[in-house]
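Right, one structure below, let's go through it.
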Amino acid sequence: MPLLLGLLSLLVPGSAALEPISLSIAIGAASVLTGYLSYPSFYCGFVECCPGEAERPNTTALKEDLDNKLFGQHLAKDVILKAVTGFRNNPNPRKPLALSLHGWGGTGKNFVSQFIAKSIHKAGQKSKFVHLFIATLHFPHEHQITLYKDQLQTWIRGNVSACARSVFIFDEMDKLHPGLIDAIKPFLDYYEQIDGVSYRRAIFIFLSNAGGNLINKVALDFWRSGKDRKQIQLKDLEPVLSVAIFNNKNSGLWHSSLIDRNLIDYFVPFLPLEYKHLKMCIRAEIESGGKKINEAIVDEVASEMTFFPKDEKIYSDKGCKLVEQKLLYYWERL
């Protein structure tokens, strides 16, 4: 009734002086408006809401983003699409989805985390239900690990309580203090509830450069043996990658219980990018800026990048990371 009277005062200023019939009409109008506001679909048209049980991820948009904005990553495309789609379509997952993305900078890890977030929440990383942690920004001091662990648990507990479909992204895992990430182990485990809260519908994404050298070596071995990079399968990398990350002292997952207890569902390798993939990135960046593709400029920008190994010069050592900055020099010519 207080809400109804409040709406009435907004709808009809000076409503206290209305005649009985006019007052009845005004109350009826306010009642209708209150009814509309009680419908989630109406309310959520104006305010971001947590996706309900019946809502499914936008897998069409996810597939389009992976196909059109991620280059040279056949393994990541396949794993991510199947993992996210399968997880969200499962009415009763036994645990949260945990993905660990590995590879050198500029290969597309951050892009993919954004695509996943957008497929679950329309606002993507701008959503209040998507939470990004950057190791060097949010957890800079090693002597405060105990404090960070408490804060991290409190943050995750509070946000999953507010939205079961929360997405948590941990960037720079290779710079995270070892042992810190183990604070979230209970939330990734096979518990139906913890203190009345279920974490089974949340998604955790870890981004790391750790393991990049191993991935690059496998890709280079395939190239030197005359094999197409698309012949590389997940089984060629995932088992050795998980072991390498577990034993890497420069990784936030060093000797982590998340690996030891098999709580990370997929270790997703991002392969180094070849010259042709770099040109794809340049074309996509030009188009995203509303310009017409100029192949001469595409070649010029690509030729400014540096490649490895020193002799063969096959892979871009910074992936597509510098494409946007390099293009600024040529923008007036497009």
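Backbone N, Cα and C define each Cβ position, glycine as well.
Residues annotated as signal peptide in TrEMBL: 1-17. According to TrEMBL, the feature ATP binding site maps to G103, W104, G105, G106, T107, G108, K109, N110. Summarising the annotation, TrEMBL assigns domain 'Torsin-1A C-terminal' to 273-330.
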Neighbouring C-beta atoms (10 Å sphere around the C-beta of K109 (ATP binding site)): 26
Among T107, N110, which are binding-site residues, the residue with the most C-beta atoms within 10 angstroms of its C-beta: T107
Neighbour-count leader, CB within 10 A, binding-site residues: G103, G105, G106, G108: G103
